[in-house]
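As recorded in Swiss-Prot, the features of this protein are as follows:
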| type | residues | note |
| --- | --- | --- |
| DOMAIN | 1-171 | domain 'KARI N-terminal Rossmann' |
| BINDING | 14, 15, 16, 17, 37, 42, 72, 73, 74, 75, 123 | NADP(+) binding site |
| ACT_SITE | 97 | active site |
| DOMAIN | 172-317 | domain 'KARI C-terminal knotted' |
| BINDING | 180, 216, 220 | Mg(2+) 2 binding site |
| BINDING | 180, 184 | Mg(2+) 1 binding site |
| BINDING | 241 | substrate binding site |
C-alpha cells in the first residue's frame, strides 16, 4: 500500500456497482482511478463524475488495489489479457462476486493478494445510503494472502464503501459464490418470477380477469417483500389479516412442499459441483441461443402486456422506472 490505510485504487468497470464504489471510495478519501476501454458506453459518465479515466491496462499498473467490477463473463479475458500482464507486483486484486475465482476460470498470480467485497444491495442503494450517512452491509473474503495484509485490504475497502456503518461479515469465496447463485436461481429471481407467472396463469385459466390476477400475484408482492425486508416473515404476518395468516399457514406448504425443497437441493448441487457454471460458460460462448429464447419467452408472457398497461396508469412509478432502468444500461465497462 502507498501508506498504512489508504491504498490507491483502480476501479475496472463503471456500471451500477462500479460507479457506486468509485464515488463512495473517493468521498471516503481514497485516490481512485477508473479503468474503461476508450469510447466505451460509460466513459463519458465517469468523466462527468470527475474521475480520471484511462484504459484498464494503464489503470492497473500503479494501483495498490484493483477492483474488478465488470460482468462475470468478461472477467476471465479481461484478467488474462489486461490485468495479469500489467498489474504491479504485490498488489491486491478484488472482486465483488467470487464466481470466476471459485470455479478456477481466473487463476490469480501468486504474488497478488486476492479478496472479495460484496455489498448486499444494488449500486444505487450503496450510493444513496452512503450519501445520507448510512451504509449497506458488506460481506468479505480472502482467497489469497501473499502480503499478510489481504484481510486489511478487504476491510479498508468495505469501510470506504460505507459497509462499516451497517455490518461487515466474513465469508469465503466458496460460500459467497454458491449462496449468491442459489439465492438468485431458487428464490429471488428464478423462484419468485416462476411463482408469479404460475399464479397468474392459474387465475386467468380459471376465468378471472388478467388485470385482477396481475394485482393479486405481482403488484401486491412489493408490499409483502417490503415487510420481509423490514422485519422478516413474522413482521409480514403481523401486518396482514388473520385470514391471510391462516391461508399462509395451511396453503403455503401445499405450494412449497418437500418435493419443491428437494428440487431446490438439486439446484444447489448443480451450483456446487460446477454444472451450472459450466453450462453458463458454454451458453455464453455459443452466443446465448437459449438465453435469448428464454428471455423472449418471458417478454411474451401475458403478464407482461397486462402489467405494462396497468403500470402506465400508475403515474407515481415513472420516476422509479427511470431510476431502475439506468443501471441495466451500464453493465459493460
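Here the Cβ of each residue, glycine as well, is placed from N, Cα and C on the backbone.
Taking all protein chains in view, 21 other C-beta atoms sit within 10 angstroms of the C-beta of residue 16 (NADP(+) binding site). Candidates 14, 72, 74, 97, 241 (recorded positions) were compared with residue 180 (Mg(2+) 2 binding site); those inside 10 Å Cα-Cα are 97.
Here the candidates are the binding-site residues 16, 37, 216, 220, and by Cα distance the one nearest residue 97 (active site) turns out to be 16. The C-beta environment of residue 216 (Mg(2+) 2 binding site), restricted to residues of the same chain at least 6 apart in sequence and closer than 8 Å, consists of 199, 203.
If you compare every pair of Cα atoms in 14, 15, 16, 17, 37, 42, 72, 73, 74, 75, 123, the residues listed for NADP(+), the longest distance is 21 angstrom. Here the recorded positions are 37, 97; the one with the fewest Cβ atoms within 10 Å of its Cβ is 37. According to DSSP, the secondary structure content of the domain 'KARI C-terminal knotted' (172-317) in residues is 125 helix, 0 strand, 21 coil. In space, 184 is the closest of the binding-site residues 184, 220, 241 to residue 72 (NADP(+) binding site), judged by Cα positions. Residue 184 (Mg(2+) 1 binding site) sits 30 Å from the residue listed as 'substrate binding site', taking the Cα positions as reference. In this structure the C-alpha atoms belonging to residue 14 (NADP(+) binding site) and residue 220 (Mg(2+) 2 binding site) are separated by 33 Å.
Around the Cβ of residue 220 (Mg(2+) 2 binding site), a 10 Å sphere holds 11 further Cβ atoms from the protein chains shown. In this structure, of the binding-site residues 72, 180, 184, the smallest number of CB atoms within 10 A of the CB marks 184. A helical conformation is recorded for residue 16 (NADP(+) binding site) in the three-state DSSP classification. Residue 241 (substrate binding site) sits 54 Å from residue 37 (NADP(+) binding site), counting Cα to Cα.
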